[in-house]
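So that you can see what the record holds, here are the features copied from Swiss-Prot:
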TOPO_DOM  1-24  topological domain 'Cytoplasmic'
TOPO_DOM  46-72  topological domain 'Extracellular'
TOPO_DOM  94-115  topological domain 'Cytoplasmic'
TOPO_DOM  137-159  topological domain 'Extracellular'
TRANSMEM  25-45  transmembrane segment
TRANSMEM  73-93  transmembrane segment
TRANSMEM  116-136  transmembrane segment
TRANSMEM  160-166  transmembrane segment
């Protein structure tokens with residue numbers, strides 16, 4: 001957002017660039033993320049059947065519907081909202097950089113072309129790294145709620161586990 005303001009409104013962005021402000025924003029973000037992730041400690045549990053202890057990847061069966069609701073809210077707050085903000089900011093920056101300067105003729109200056117390429121690369125990497133995981137996780141949780149075959153569940157579970165490290 002700061003970078004976007006720097007491109008779209010350079011003079012206004014000067015007051016947002018102070019280190020004290022950046023530290024406050026970072027602290028608030030960390031507190032929010034920790035608060036949003038704290039319920040995982042409640043949902044991720046173990047269960048005992050006889051002498052066998054099972055560590056649940058998501059939650060115990062009886063809590064799973066609540067876990068899916070929690071995960072959906074977290075998907076919105078911690079992925080969809082930031083992804084949308086990043087997408088909008090970078091698209092606005094690219095549009096501004098591609099716009100010819102007043103009174104100039106000819107092609108786009110090399111520095112602006114390089115900036116637009118960097119914007120495209122950042123968006124591509126962010127999308128490639130985060131979108132597959134969130135899509136497969138959402139599908140996996142949704143499919144687990146339905147009565148689907150083990151083959152289908154195993155296939156989506158494999159895709160989910162493959163995209164986790166991204």
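Every residue gets a Cβ built from N, Cα and C, even glycine.
Counting residue by residue with DSSP, the topological domain 'Cytoplasmic' (94-115) contains 11 helix, 0 strand, 11 coil. A Cβ distance under 8 Å defines the sequence-distant neighbours of the topological domain 'Cytoplasmic' (94-115), meaning residues of its chain 6+ beyond its ends; these are 7-8. The average pLDDT computed over the topological domain 'Extracellular' (46-72) stands at 86. Taking H, G and I as helix, E and B as strand and the rest as coil, DSSP gives the topological domain 'Cytoplasmic' (1-24) the counts 21 helix, 0 strand, 3 coil.
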